[in-house]
Amino acid sequence: MEKVKGPVAGCTTATCGWRALLLPQLNRQSLYVYGSEMAVEQECMRQLQSGVFVIHPFSLMRSYYIMCMMAITFLNLIGIPMEIAFVDGTSGLAWEGFNVFSDTLFLIDVALNFRMGIIAEDGEEAILDIKRIRLSYLRTWFIPDVIAAFPIGYILLFADLQYHNDDNPSKTNKMMRILMFVRILSLIRLARVSRLVRFFNEVEKVSNANLEVVRLFFRVLSLFMMIFLLCHWNGCIQYFVPMLEEFPTDCWVRKENLMNASVSVKYSWGVFRALSQMIALSYGSMDAPTNYVEMWIVMVSMVSGCLMYTVLVANATTMIANIDPAAKEYKSKMSRLEHYMAFMKLPPELQLRISNYYQARYGGKWFHEKDVMHTVSSALKEQILMVMCSRLLRKVPMFQNREENFINSVLLKLEYEVFLEGDCIVRQHVPGDRMFFIDHGQVLMETDSYDRELCDGDFFGETCVLTKGKHLATVKALTDCQCFSLSCDDFKEVLLCFPDVKKDMEQLVELNSEEELL
């Protein structure tokens, strides 16, 4: 049988087909939960073998469905208040059709939630058991979803048809009152805002992008969408309440002569008043509220504006605090260092060199290299060092043509060091216990008989590693240098595990004991 490629490997074409859309996909989150591609395939097989129609939370269908529902929900939360406040009983066939479509979709969503897999609270598995899914949904979001999915669109469509088809004036007035009541009743559909929040959270869970970036993006996006909805709803309320009172003579709508204006003009004035009150700029017009209803609307707008500011500042502060923690830690360390240098009354030139060293060493980001190396596996540590300095080792004659295991063992003993321009790295005739490999930078090697410049890929001090003797040259940094060092003790520890290499090194020392090695 032909195998299906991708995340449903292991299921046949005849078995899968459209059901492949219900199975978990390979993405960052599914790999994080299940640990490997093989485990994801086993999860696919587990769902297929159950023989029950369940949409997996990491499936492709679930991802597209959430995106679609999020867009439909947001459009509803924008359109419903505008329809209630500004459309005078003639919303048009297109909008009525959209209402019916939305209500139908939300009713289908309620039904699908009984077949929608759930990510466990601990995030370590997906619940695919029908009974557990139903019980969980009934205990949590079933009642709010049913209320929000109440098919007001069907009622509005029927009422509009009756209103337009009835020629009796008394019945028409009665139908208009019923229509107004139904439109007010449709405010319960604004409870769908809870679904918008849930969809945002679910998109974050099943996303295939970098998880931290996704969390930050959706946190910012959801924050601004909620602020937009707050301003939008407030602007609609500004016009809706005077409309319920049939536009009294002292209301702002009559003063601005907006009763017969277009929807865009009414909406623009309503949002303008709302924003003016929310940011405490003005009442939205030259005059203060003249009746208690408008006074309450203004007070509600001001309070909601204060809440908006509070939420915005709190979220912005949290996001800023969580952005680039390594740079913040570096600045904190530098601040402490500056206080220390000032307390010890170090000369300004020395303070500047110390600050330059930290910048060259850490590049404005604070991290603990040893902690990183200790937390990764030995295999990953070996690979990291292989990428960073394998080429440096293989340029040294005594490391050339050596077996891979020996080279890897030496790599694990290397230490990263940084020297500033003008630093004296080693001094002539001083006992040494390390050799150095230049990763980036340029140094000057000075002896009694000659001077020599070394740069990227060069090395010096190998005599000290072999004999633990004195340095035969003085080495100074001509530029900022990034080096790796290998100590004599660490090298001898490695040689204990490779007796053949140790024997070769001892012979090399004997052959060169009377020569000047650097």
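Each residue, glycine too, has its Cβ placed from N, Cα and C.
Here the structure is a predicted model, which means the values were calculated and not measured.
These features come from TrEMBL:
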{"type": "TRANSMEM", "residues": "64-86", "note": "transmembrane segment"}
{"type": "TRANSMEM", "residues": "98-120", "note": "transmembrane segment"}
{"type": "TRANSMEM", "residues": "141-163", "note": "transmembrane segment"}
{"type": "TRANSMEM", "residues": "175-192", "note": "transmembrane segment"}
{"type": "TRANSMEM", "residues": "213-235", "note": "transmembrane segment"}
{"type": "TRANSMEM", "residues": "295-323", "note": "transmembrane segment"}
{"type": "DOMAIN", "residues": "398-503", "note": "domain 'Cyclic nucleotide-binding'"}
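For the domain 'Cyclic nucleotide-binding' (398-503), the mean pLDDT of the prediction comes to 86. Long-range contacts of the transmembrane segment (98-120) within its own chain (CB-CB distance under 8 A, at least 6 residues past either end) are made by residues 33, 53-57, 59, 62, 65, 69, 72, 75-76, 79, 83, 126-128, 130, 132-134, 136-137, 141-142, 145-146, 148-154, 156-157, 192, 205. Each residue of the domain 'Cyclic nucleotide-binding' (398-503) gets a DSSP state, and the totals for helix, strand and coil are 29 helix, 38 strand, 39 coil.
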